C-alpha cells in the first residue's frame, strides 16, 4: 500500500472488502451448512447435487447482463443500481431462509425442499450477477484497491466456515453397531445452535455489507480513492497506457476462465472424492483451511500485484499439474495412493492447498493486467470468471452425476484396498 494513505483511504479499503463480502457468502453459507441441513431434508446428501444444478441456473442473469452490454455499447452500464439490487435481495432471501429453509412440498409424490431450492436459485441469480457487477464497480477506484475484490471473495468462504465451526457443524463419531455383523456407523453430533440462527448470522453479514455500500456511495469517505480522471476520458487514457496486445489479452482471458473453472467448478465437485478416502478428519481440515489459501493469494497480490506474463503461464501450468494429481486421486477413490497412511494424508493436503495458490494468484495478476486494457476490463474479467465457473461446474456435474466416474468413501467406512 501507499505509505501516504490517509484514514479515509484505509476506511475505503475496509468498506470495499465488506461490500464484496456479499458476493457469494449466502450460497457458500448454504453449502457449509449442508451437513446440518441434510439431517432433516428429504433429499439427504442428494440435496448437494440439486443445489449445484440450481445455482448454476443462476448464470442466466449475467448472460442477460452481457447481452445488454453488447447491445448498448455506446452507453456505460452503471453497476451501482445493480449492486443495490444484488445486496438487498440477497438480504431478503437470507431473511426468508431463517424461517422457511426446512419447508417442503410434495411434487410428483416425492417430498422436495422447494423453499430452500427456490431461495437458493434467487441467491444464485444475484451472486452470479455480482461476479460481474462488483468487478465492474472496482474499476471506478484506483488500481491499488483492486485486491479488495479478492479479499472479499476469500472471506465469502472463510466466514461461513468459521460459523459452521462455531456451530459444531460436521462433527461426527464413529459408533460400532452389531446387526449380525459388526459395522461402523457415522453419527453426527448435536449442533450448538440451529440452522435458523446460522442463517440469521449470514443475514447480519449481508446487512453489514449493505451499510458499507451505502457509506461508500453517500459519504465522502471514498472521495480520494476514485479514479483521478473522469469516466468520459478513460478510453483515451487506456489507448495511451495500454500495455497488452490483443493476443496477450485473449490468452490472459482464457487463463482467467481456466483458473476459475478449476477453483469454482472442478475442485468443489471432486473434493469429497479427493479428500474423504484419507479420512473424515482430512476432509474436514481441508474444507476449513482451503479458503484461507485465497487470503494468502490476496497477501501475495499486495506484495507483488503484477508478474511478467510468462511467469503467470508457468504458475498456471504448475497448478494444472497439481490439479491433475487431484483428479487422478479422485478417479482412484476410494483406494487412492497411500490411502490410510500419514504420508498420503500430508501429501494430499499439500497438493490441495498449493493448487489454490498456484491458480488463484495468477488470476489476481490477470485482473491487474486487464483493468488497464480498457475501461471495461474488469467487467469482462467478471464475465470470464463466471463463464469459467459455469463451464467447470457443468463438466464436473457430468463427470460426477451422468458418467459416475467417481466413487465416494463414506465417513467411518472400512475399506480394504
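Backbone N, Cα and C atoms are what each Cβ position is placed from, and that goes for glycine too.
The transmembrane segment feature in TrEMBL is assigned to 12-31, 51-72, 84-103, 197-216, 249-276, 282-300, 312-331, 346-366, 378-400.
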At an 8 Å Cβ cut-off, counting only pairs 6 or more apart in sequence, do the transmembrane segment (282-300) and the transmembrane segment (346-366) clear the bar of 3 or more pairs? yes
Residue numbers, six or more beyond the limits of the transmembrane segment (197-216), whose CB comes under 8 Å of its CB atoms: 12, 14-16, 18-19, 21-22, 25-26, 29, 33, 36, 83-84, 87-88, 90-91, 94-95, 97-98, 101, 159-160, 163-164, 167, 222
Beyond the flanks of the transmembrane segment (378-400) by at least 6 residues, Cβ under 8 Å: 49, 52-53, 56, 59, 62, 66, 69, 77, 128, 131-136, 138-139, 146, 253, 256-266, 268-270, 363, 366-367, 370-371, 406
